[in-house]
Amino acid sequence: RQLIEKYGFPFENHTVTTADGYILEIHRIPHGRNKFAYHGGPPVLIVPGTLSGSADYVNMGIEKSLGFILADHGYDVWLANHRGTTWSRKHVRLNPDVDKEEFWDFSFQQVGYYDLPACINHILRVTKQGMLFYIGHSQGATSFFVLTSERPEYNSKIRLMVGLAPAAYFGHSRSLIFPFLVKFQDEVLAFIKRYQFYEIMRHSPWYGIFGATFCNACLPFQDICASVFYILAGYSPAQLNKTMIPVIATNSPAGGSFKQLIHYSQLFASKLFRKYDYGPEGNMKKYKQPEPPSYKLSKITAPVALYYGDKDIICSKEDIDHSASEMKNVIVNKCVPGFNHLDVVWGNDVVELIFHEVLELMKRH
C-alpha cells in the first residue's frame, strides 16, 4: 500500500480463499494517476515468481515498475501474492508457524491448480469481465502452464499470457542450486523434516535494514550485495541498478516453501515437466502409477508470449524452446541479449526492450 499510494496511485486490497483453504491477498491498482485515470480498463493479473510478492512490480518507481506502467496505460492491475508469501501466510484452519508440515506442503502445482483459479475467478467477478491478461514471472509462468494444462477451461478466460523468464522444462538450467538439491535430496528432505525447516526465506524487516546499511552507494559492500543477484540469477552488471538494492530488500525475498525448490530440482533431474515425485510407492498412492504424470502443454490454447535473457542461468533457451514447441499458440518467443533471470522484471533496459513490446501485444489482444 505505502509504495503504491506514495506514487499517487489508487490501492485496493482484496482477499480470496482457495478451494484448499489458503487465504490470499491480491493488491489492485484499478487505474492510473489522476491525469492518466481511465476507469474500467481491461484487467491484467501479474503473478510473481518463487519467493517473490506483489511489491516487486511497484518498487522501481513510476517509469520502471510494470504495475505502474500498465495502470497509466489504462489497465486495471491486479498483483497476486501466492500462498506462503508475505501477504498470504494464512489458512482457514492451519497456522504456518505451528502446523508447518501441512501448511508448507505445496509447490507450483498447488499455486497453479488452486491459487490462480481463485484469483482469476475473483477478478472476473469484480470487474464483470469475461477475460483478462496474464503476466507471470518464472514460477508465475510455471503455475500458468499447470493451470491451463490441468484445467484447460481456463484458456478461454485469458486474452494473452506473457511469460517473463518462463520456467517449465528445466533440464538445462545452469543454476548451482538444483544440482546440489538433486545430489543431496535425501539428506535435504531429512534435514527439513527433522528441523521443521519447511518454510524458506520468510521476509523480515532485517532484510531492509541490512540492505540500507550495507548495500547503499556510500559503502564498498554494494558490489558484494550485487554479486548475490548475479550468483542467483546470472551475471548482467549492465542491467542491475545497484542503488535500488536497498529498496528491493525492503520487500524481497517474500518467502515460500522448500518443496517449491525441491520440485524444480526434480524437473532438472528428470528433464521432464511433470508433477511432484514422491518416489515409486508414494507416486502409486498419489497418481496410481510409479512415475509422476507429465503436464500436457498441448492443452494450452491461450495466446502466449515468452521473453527471457541469454544471461539467465535458471531458465535456458533450450528448455524454453522445448516448452514453446509443445504449446499451440505461442506468438512470441524472444531471447533478450544481456538479460538475466531478474532483469525481465527489474533490468535497466526492460521498459525499452520488453515492456513496450508487451504493451503493443496487449493492444492487439
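Note: Cβ is positioned from N, Cα and C throughout, glycine not excepted.
Pulled from TrEMBL:
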- 2-60: domain 'Partial AB-hydrolase lipase' (DOMAIN)
- Ser138: active site, nucleophile (ACT_SITE)
- Asp312: active site, charge relay system (ACT_SITE)
- His341: active site, charge relay system (ACT_SITE)
Could you pull the average pLDDT for the domain 'Partial AB-hydrolase lipase' (2-60)?
92
Counts of helix, strand and coil residues, the domain 'Partial AB-hydrolase lipase' (2-60), according to DSSP
12 helix, 19 strand, 28 coil
Asp312 (active site, charge relay system) and Ser138 (active site, nucleophile), compared by Cα position, are separated in whole Å by 11
Across all protein chains in the structure, which of the active-site residues Ser138, His341 has the highest Cβ count within 10 Å?
Ser138
Separation of alpha carbons, Ser138 (active site, nucleophile) and His341 (active site, charge relay system) (Å):
8
